Amino acid sequence: MTAATHTKAQVLAAALPWLKQLHGKIVVVKYGGNAMTDDTLKAAFAADMVFLRNCGVHPVVVHGGGPQISAMLKRLGIPGDFRGGFRVTTPEVLDVARMVLFGQVGRELVGLINAHGPYAVGITGEDAHLFTAVRRDVMVDGVATDIGLVGDVEHVNTEAVRDLIAAGRIPVVSTIAPDANGVVHNINADTAAAALAAALSAEKLLMLTDIEGLYTDWPDRNSLVSQINTADLTELLPTLEAGMVPKIEACLRAVTEGVPSAHVIDGRVEHCVLVELFTDEGTGTKVVNP
């Protein structure tokens with residue numbers, strides 16, 4: 001046996017405690033950032049989801065599509081804007097977001113996963129009443145600001161997702177959803193992932209980002225934290241960069257509503273999901289209750 005083979009065996013053996021802990025459990029993964037634009041990282045992420053499924057873990061993927069939406073808006077000559085970390089969504093922007101999220105980003109990820117077998121099924125928040133949206137404002141410099149057809153999750157109906165899990169499938173969720181009156185809204189994927197994780201009683205929520213984890217004093221690289229509780233994180237929230245706010249709010253929401261832990265992980269690391277779930281080191285910041 002070669003040294004490399006022995007090392008592989010040790011890695012697999014070391015993963016056993018985590019495999020036992022997660023067997024039969026649901027893990028919600030928010031897929032976004034560089035992991036969804038780099039071909040190598042995209043393929044690695046898809047393989048990670050199939051690995052989890054074949055180890056008896058139930059992955060549920062919720063994906064964003066910000067860069068792809070921005071690219072299509074530019075291509076179509078439609079202006080786009082962000083406020084408070086959220087995209088301002090006019091009816092024209094919503095049409096593009098709806099098309100790109102389900103018709104492009106979701107289709108690509110489903111295809112990558114299904115290259116390994118008949119696993120992934122794409123759905124949106126509109127399907128089987130998965131999400132009911134409620135229009136939301138965001139705080140910009142302390143002022144409540146309207147950002148158009150952007151919703152929060154008012155209600156989650158998990159039946160369709162649970163049916164897919166029971167059938168051995170990997171749900172791939174696009175975050176477009178109607179409100180109670182049928183008006184369709186764009187829901188931030190971080191927000192939707194947290195709501196779905198809580199409703200499914202998931203064991204973990206993983207948030208892929210383009211940084212190593214949570215910095216308490218950005219840009220000081222020494223301020224990276226490996227674990228933080230919800231009380232400390234709530235105090236820290238007003239000081240964070242706008243782009244991190246939806247992700248941290250999502251972690252707080254998930255853990256507060258019963259998910260044992262939420263993890264902000266570095267999606268630029270190949271196989272980051274497996275590293276976070278099945279090794280001592282992990283790749284980012286773990287959020288837990290005090």
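Note: Cβ is positioned from N, Cα and C throughout, glycine not excepted.
Swiss-Prot has this to say about the protein:
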{"type": "SITE", "residues": "Lys30", "note": "site 'Transition state stabilizer'"}
{"type": "BINDING", "residues": "Gly65, Gly66, Arg87, Asn186", "note": "substrate binding site"}
{"type": "SITE", "residues": "Lys247", "note": "site 'Transition state stabilizer'"}
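Here the features listed in Swiss-Prot are painted onto the structure.
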| residue | record | DSSP (3 states) |
| --- | --- | --- |
| Lys30 | site 'Transition state stabilizer' | strand |
| Gly65 | substrate binding site | coil |
| Arg87 | substrate binding site | strand |
| Asn186 | substrate binding site | strand |
| Lys247 | site 'Transition state stabilizer' | helix |
Look at each of the recorded positions, Lys30, Arg87, and point out the one with the fewest other Cβ atoms around it within 10 Å.
Arg87
Same-chain neighbours of the substrate site, Cβ within 8 Å of the mean position of the Cβ atoms of Gly65, Gly66, Arg87, Asn186 and not counting those residues, run in sequence order as Gly64, Ile69, Ser70, Thr89, Ala97, Leu101, Asn188, Ala189
Neighbour count (Cβ, 10 Å) for Gly66 (substrate binding site)
20
Residues satisfying Cβ distance under 8 Å from Gly65 (substrate binding site), sequence separation of at least 6:
Gly32, Met36, Ala97, Val100, Leu101, Gln104, Val105, Ser174, Ala189
